[in-house]
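Participant: Structure below; questions to follow.
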């Protein structure tokens, strides 16, 4: 596994950021994609205990998902901001 994820600035959170892509060396603004992560499952479990029909809500809300930053030029993942 490439260790390039750890060398990126920590300013990348849930919004696009300007960086130099560690894969293609282009100066880019990252593309963001919200993906299901641990926080989505934790909130789903908590909601299931209270109201079973509402358990899918965390999978529809971006605020509970991890954020994957990708390079729009080479399409490689450059950073994943994990909520939990």
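Just so it is clear, glycine is given a Cβ too, placed from its N, Cα and C backbone atoms.
The feature domain 'LITAF' is assigned by Swiss-Prot to 1-83, with sequence analysis given as support. Residues or ranges marked as Zn(2+) binding site in Swiss-Prot: 21, 24, 71, 74. Per Swiss-Prot, the feature region 'Membrane-binding amphipathic helix' maps to 39-61.
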Participant: In sequence order, what residues of the same chain, 6+ apart, have a Cβ less than 8 Å from the Cβ of residue 21 (Zn(2+) binding site)?
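Facilitator: In sequence order, the residues whose Cβ lies under 8 Å from that of residue 21 (Zn(2+) binding site) (at least 6 apart) are 27, 28, 71, 73, 74, 76, 78.
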Participant: By DSSP assignment, list the helix, strand and coil residue numbers for the region 'Membrane-binding amphipathic helix' (39-61), in that order.
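Facilitator: DSSP composition of the region 'Membrane-binding amphipathic helix' (39-61): 18 helix, 0 strand, 5 coil.
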Participant: Could you tally the C-beta atoms, other than its own, that fall within 10 angstroms of the C-beta of residue 74 (Zn(2+) binding site)?
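Facilitator: Around residue 74 (Zn(2+) binding site), other Cβ atoms within 10 Å: 13.
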Participant: Quick check: which same-chain residues outside 21, 24, 71, 74 lie with their CB within 8 A of the centre of the Zn(2+) site CB atoms?
Facilitator: 22, 23, 25, 26, 28, 72, 73, 75, 76, 78
Participant: Below 8 Å Cβ to Cβ and six or more residues apart, same chain only. Which residues does that give for residue 24 (Zn(2+) binding site)?
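Facilitator: Looking at Cβ-Cβ distances below 8 Å from residue 24 (Zn(2+) binding site), excluding near sequence neighbours, one finds 71, 73, 74, 76.
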